[in-house]
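Heads up: the structure comes next, in structure tokens.
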Amino acid sequence: MPGSFSCGVAFTQLWLTLLVVTPVNGQHEAVLQSVVYLQPPWTTFFQGEKVTLFCYGFGFYLPQKTKWYRKNKTQRQLRSTSTLEVRESGEYWCQADNFLPSMHVHLDFRQDSLVLQAPPAVFEGDSVVLRCHTREDIAAESLKFYKNGKALELSGPSSELHIHHANREDNGQYTCTGRKNWHLKYTPSNTVRVQVQELLPRPVLMATPSQPIDGSPVTLTCQIQLPAQRSNVQLQFCFLKNLQALESGCSNSSEFHIPAIWTEESTWYQCRAETVNSQTEKQSIALKIPVQRALADFQTYIMPASKLVYEGQSLLLNCSVNGVPGPLKFSWYKRDMLNKKANIPKSSGAEVKISKVNVSDAGEYYCEAKNSRRRFVSRAVPITIKVPVSQPVLTLSSGKTQALEGDLMTLHCKSQRGSPYILYEFYHENVSLGNSSTLSGEGGGASFNFSMSTERSGNYHCTADNGLGAQNSEAIWISVAEMTNNRSAPVIAGITVGLLITAVGVFLSYCWFSRQAGGKPASDESRSPSDAEPQEPTYYNMPACIELQPVYSNDPKEAVIYTEIRRTQPKPKPKRADRAAGLQTFVTVKESESPRSRCQMAEKN
């Protein structure tokens, strides 16, 4: 059956490689075994069937010489070929070239009507197939599988039982049964015992050298011994430092290199081995590496004497060593905040000088002294670069410097450069409002909130200080926008303009109607009264009084406004101007408590 064969191949690359680790002169060497591979991948067959055995060296290396062995009642050597066809029961094994002999494979050829075929070994996470192999007289629809004597329920008649991701709950005795055509009696198969084994043992973490000298490199090795039947499983390895993964995670390499290890690092290391699909993993016991301090006596001098250097200053480092035979060669190195080591190329011998330091020069400096046999590393000298703050910038969150009374205002002060800690302080007319500090020199700055009022109008500024001199921001003027409660003026102005337009319209209409009717003014044009003589206004067909309605505003406190319209005759002017003079209309706006009183007075007159 093609499906059964392909699934069986996955776990019958049998007895691949057994890594036997033995200490030799303090080193560890791997002793490799030969590999036996079966096709088809079963160990139980019908009498008359055959199986082909293949012999390989480690890593499926094709050997030059092969020896086959068989043990039935007696042990004897078979022919020396890379493949062997087998039709008889017994134990078989091989030896490829100079590898160790392979593990024994027990093959069973039976005369039964049906046999249960299974892989020779099952491990955690395996996909297992148990095959009920029958002769032609067994009805396929009658096949049943049993575990520990209890029938298993399958989705339908099948000659295969699939176990996905095997675990220890799948352990047990398995059989299958079937009946011949037209028979009621079921025939049992052979019994197969499934024992799920541990795939990954606990790995062992080793350090080389086991007791490194201060500042020397160390190689960590994650050693694990896979079972011989699964020595071809692909693994990936992860290395941890104080339970945190090192560098970029896991890889297929079982080694990890530490460029330099230090006595100051009281650190626990671990490794983890896991399958590529991450279904199975095991972690080693934590290992603390004892780092030995070098016997050399180093003396490190720095100028200035303080380890705190201001940006722009010069820095001089000098290293000397006692107790180490010469000649010595010195080198200077620097470790940054990410623990990356870099050589300082401008260093001359035991001295290194930086004319003007900047932020990138901060880190831990150490020197290395080498003679013809070994090297010595000094303790690290931490150098901190202090950067003065730049002029802060004061901004308003709203962006508007004029606000209404009661508005919430937010001032924000920020310096683009400066070493932490930075202290920000806010001022109103040179009076401090409060302060706030921030860790980062390139952080978000600080903010101050207040409620706007008339008393809060004025100049605002802020300062930034990290101990190297305070810096003042530019001032910002913030004022309160005034609001008026007297809304009668716009109302009166609007009413006045409206009434003026109405009066002009009435006057023009009256003039037009008078001319159409041929009427003349009551006054005599020949009469020329003196300019000083007062004249009373003359009315033409005008009603005695127009009673006006009050106009109200929305403000209950305001008085009621009334409007009265009069038409008067202009004062006499010189004759030359008489012809150009016309009637003028005046609009008088007066406040009165009773609009009817003036009308009543007019009627009486």
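Counting starts with 1 at the first residue shown.
Using N, Cα and C of the backbone, Cβ positions are placed for all residues, glycine too.
Matching 65-84, 425-444, 565-584 against TrEMBL, the residues noted as region 'Disordered' span 565-584. The domain 'Ig-like' (290-378): residue composition by secondary structure is 3 helix, 45 strand, 41 coil, according to DSSP. Confidence across the domain 'Ig-like' (392-479), taken as the mean pLDDT and rounded to a whole number, stands at 88. Residue counts for the domain 'Ig-like' (47-98) under DSSP (helix as H, G, I; strand as E, B; rest coil) come to 0 helix, 28 strand, 24 coil. Residue counts for the domain 'Ig-like' (392-479) under DSSP, split into helix (H, G, I), strand (E, B) and coil, are 3 helix, 48 strand, 37 coil.
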